[in-house]
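Undergrad: Annotations per Swiss-Prot:
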ACT_SITE  ASP247  active site
BINDING   HIS14, HIS16, LYS98, ASP247  Zn(2+) 1 binding site
BINDING   HIS16, VAL17, ARG18, ASN42, HIS135, LEU219, HIS251, ALA263  substrate binding site
BINDING   LYS98, HIS135, HIS173  Zn(2+) 2 binding site
MOD_RES   LYS98  N6-carboxylysine
Amino acid sequence: MTRQITITRPDDWHLHVRDGDILNDVVPATAACFGRAIIMPNLVPPVTDASAAMAYRDRILAAARGTDFQPLMTLYLTESTTAETIREAKAAGVVAAKLYPAGATTNSASGVTDIRNIYPVLEAMADCGMLLLVHGEVTDSDIDIFDREKVFLERVLAPTLTAFPSLRVVLEHITTAESAEFVRNHQGNNLGATLTPQHLMYNRNHMLVGGIRPHLYCLPILKRNKHQEALREAVASGDPRFFLGTDSAPHAKDKKEAACGCAGCYSAYGAIGLYADIFEELGILDKLEAFASFNGADFYGLPRNTDTVTLVREPWTMPENLPLAGGGIVPLKAGETVNWRLA
């Protein structure tokens, strides 16, 4: 049995770090392992222009406590976003813009109601080389929550890719067999997808059978076992269009364990060990480096990291609770054994 592996330093291509005191509590866990992370812009108020993005970046760097961690900044697309906003953000170093369908997830009320309303913005993004990151769910009240992603593929994503064939798009945190198949069947190299640890480790039975487990509640919601298996097959395939994105989303314990609990799993703490466990279980540890360290950088057109991290197979127990401003936070797989960790 493999006891130690050394890989190129990984990156996290989908991360929430919030703001204020919470930011200071959660950034170090990511900075200890990952070289870079795509920072989600759904603050209150959202990050909608270059100046807000750069100010947010400065706050994250201050919380990284002297590491070489690089936050990669994004804009929150609204129906007031302009092509000039995109060009200014690109010039300032913003690498991507995020499409949140209005009402789809945490702090998405300012999102887009109809993607056609921002077609001029998408054209500007394609022209200047800014990536589009997509929360791939429709929000129509008559669409079942377990079907939102599938409908999005047909109704929104496919027409957008046709309209903008040079726009590079990341379908984030995919949860369905249909999404995995859509990415693998797409003709061209302009569509990629991130996969979270929770969607690879769990399905909706884990969340609902024997009692509701609120710390597994996230959006897009966990799906049937057949979808979990399809996601695992996708990463096992070695297809370079799939890459690591934790979607780590910190919420205080009392905000999760509530009558109307928040969506999101906090997975930044020990994240690379969670992925290593999954890849070991699938018998594909040799593919972890590409998934975690190469595929995302290559898709974004960024250089791969040049330093390395070493993982050792020394089982440890994920803490039941971690300190967080405003109350503790329960990490993904709390109280359970994780086999791999950073050396």
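Each Cβ is built from the backbone N, Cα and C atoms, and glycine gets one as well.
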Undergrad: Including all protein chains displayed, how many Cβ atoms other than that of HIS16 (Zn(2+) 1 binding site) lie within 10 Å of its Cβ?
TA: 24
Undergrad: Among the binding-site residues ARG18, HIS135, HIS173, which residue has the fewest other Cβ atoms within 10 Å of its own Cβ?
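TA: If we count Cβ atoms within 10 Å for the binding-site residues ARG18, HIS135, HIS173, the smallest count is at ARG18.
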Undergrad: Using an 8 Å cut-off from the Cβ centroid of HIS14, HIS16, LYS98, ASP247, can you name the remaining same-chain residues around the Zn(2+) 1 site, in sequence order?
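TA: Neighbours found: LEU15, ILE38, MET40, ASN42, LEU133, GLU172, HIS173, GLY245, ALA249.
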Undergrad: Just to be sure I understand the packing, how many Cβ atoms besides its own are within 10 Å of the Cβ of VAL17 (substrate binding site)?
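TA: Taking every protein chain into account, the count is 27.
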Undergrad: Centre the Cβ atoms of LYS98, HIS135, HIS173, go out 8 Å, and tell me which other residues of that chain have a Cβ in range of the Zn(2+) 2 site.
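TA: Going along the sequence, the neighbours come out as HIS14, MET40, LEU99, TYR100, THR105, LEU133, VAL134, GLY136, GLU172, ASP247.
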Undergrad: Select the most exposed residue of LEU219, ALA263, where exposure means the fewest other Cβ atoms within 10 Å, treating these as the binding-site residues.
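TA: Result for the binding-site residues LEU219, ALA263: minimum number of other Cβ atoms within 10 Å at ALA263.
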Undergrad: Rank aside, I only need the closest one: which of the binding-site residues HIS16, LYS98, HIS173 has its C-alpha nearest to that of HIS251 (substrate binding site)?
TA: HIS16
Undergrad: Within 10 Å of HIS173 (Zn(2+) 2 binding site) (Cα-Cα), which of the binding-site residues ASN42, LEU219, ALA263?
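TA: Cα filter at 10 Å returns LEU219.
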